[in-house]
């Protein structure tokens, strides 16, 4: 058989010496110098040689396959002729391969298997010699001299070319389907046995009927090299990681949490919503998707944690931060490390009188401040310590009151009253200083001091109600006064007191709220207890409701120890039952004893809020908000804050949410069923004290009032800043904003009523943020007094620091006043039934419920008798009144509570 002539780069080897091509030995240590100099050219030559050799081998293998197809189809004669022709035509250096393969296929068909096995064994031995493994590297280096005797390489280029040829042959052998390794690396690899082995391990040709495309097209496709099997000494491949589930699609705006709360005109542009918002809409909609109830119920209110901490954005605050905020600042120490006493701390804090500029230590402020006229509330004292300022009562005394008092005449002692007025100014309206003066001047001065006391406290010596020991008689008239220049007719000059609830509250009553139905009244204040009062005609209904949920003293599941003790103390103190005798008059609307008492707070209560289904929220100076229900005795949930909670409000349309404002400067919208903060925002500015909060426009906006006189509006859907109003006068001492004490919406007119510590009440139009009306006449310099509307929004009422209850008409009656400013209302009516600061005054939301059946029958007869009572009261805003009955409630600094009824023919 003729030897095969190999095609190489840079020349061809002699035909008679194929051994130099087959057996190669890598002399890396000896040829380092040559390789270093020719490294880059050799790499380029390797790439070119590899490409050309691969193309030659692929082309020849395709020709072999074509010849085999032709030989199967043709006869024996044609087969021999084609083999001879293909052998004689040799266009390239590998032209002898098809002829040799064809001859070997016919002549040595019987001995192919044996020869191929021998060839494979010899090839494996030669391959191990030429390509030693990593484990046999040392052995290959030891036998380097023996290999050099068998192989001679003339130059570095020939060595590289031979190496490339060997690698290409190895790649061709790997492509075999059986996986046998065939490496023609020796001179025997060029023998006829190797050709037979290559022919045997060549890829099997598929049947003709399975080959849809022509041979020409198939010959142009290069076979894909098979991937060699992984080494056995390596671990199995790591399985692919589990596929992460696709994120859920973003919810539409209609599916957000507060979409149900939106009004048609509450459309916040998307551009105005920052991407780094305090709480995204997806976070805000986590709970509402699960909630399908339109309002709060007992099941959702009692589920979950009983104590909820303020966690904004769903992140729990740091433990150290919470501990420091809850425990408050540590007691200051001296330079030597000793803790300062209370007296030293008070002496170190300086308070500045904004009117006179005088600075005094806080330890002496009690003597300087007017304790007799305007006792400071605990909240006011706390804010004063933080802001280091106070406002004297003299500066904020109403001008109208001074004018009125100057015109008052006393037939028995007009000259004495003039002297006492001068003495008041000299003494600074301080009874304590007057007593010191009385000790010096004897009995005569004592008599003057008593007169001063009567004048300062607006008490009458002949009035039996001035005595603390005697009870207030029912249906008795009260002291009435009106603004200077207001000549009448008056609306409340015939008002009478019908019930006195003094004796229950121990200390001041800071807040009172009627339920939406008007049958329940909640009052709370300095004694840390919430008291619920029920109307006589509604007592049985609520008592049956309580008995339904508290049969045999049963309380809610998993109550806290505090709740159990609260229930026990509530029962021991004897809450009124249906069988109790009520000694009061039949005209009294409420029972004389509370329906129930809620205990749990550890400091003064500041605000209350009712839901439409008899849930009650209470906020306190103990930095908590507690949730109650009229059918339960214990606290349902406690919401903890960072600082004093000054204001709370249920959402008007979805009482699963409520708003809370705190002195820490944060406004929070709580989700009661989920027991978490749904949305929150923080006030900007130097003074971040929130002193009032409420909803307006039926829940469209949340409004807060600050200590520096700002009303800030936030859209409820995202609790984002909307706008603000700076509540202050344009000139005078009130041009600096004062503390906002109350915010009340005026439904149907897009207006809000703002009460502030500058002794002014303002009505703002939310359409253009303009001032619609300013009311003045009362005194509110440092208290938490707030004004509120009547049930039909015709009147507004407020307590005062001068012990009077002040009432204004919401709008001027043009039939009474001809030339008045439409944006000023100085025409007030005042009633007096208290001997201390009136801390709270409200109208009853449903006056008809306050009257018994007998009184209502008398009312019908009275309407027929007094037809003037049905005269329509047409005001400038179109408010029409069909009933002039009004019921008021007021409370003072001593805990006394009085009920008033305005209707002349009901109580003669």
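Just so it is clear, glycine is given a Cβ too, placed from its N, Cα and C backbone atoms.
Here the structure is a predicted model, which means the values were calculated and not measured.
Candidates 40, 558 were compared with Swiss-Prot; the annotation phosphoserine appears at 40. Of the residues 29, 396, 730, Swiss-Prot records the annotation phosphothreonine for 396. Listed ranges 433-453, 454-474, 475-495; the one Swiss-Prot annotates as region 'Disordered' is 454-474. Feature annotation from Swiss-Prot across 140, 398, 406, 567 places phosphoserine at 398.
Residue counts for the repeat 'WD 6' (779-818) by DSSP state, with H, G and I taken as helix and E and B as strand, are 0 helix, 11 strand, 29 coil. Shown for the repeat 'WD 5' (735-774): DSSP residue counts in helix, strand and coil, namely 1 helix, 24 strand, 15 coil. DSSP labels the residues of the repeat 'WD 3' (640-680) in these numbers: 0 helix, 24 strand, 17 coil. The Cβ neighbour count for residue 61 (phosphoserine), using a 10 Å radius over every protein chain in view, is 18. Across the repeat 'WD 4' (685-724), DSSP classifies residues as 0 helix, 24 strand, 16 coil.
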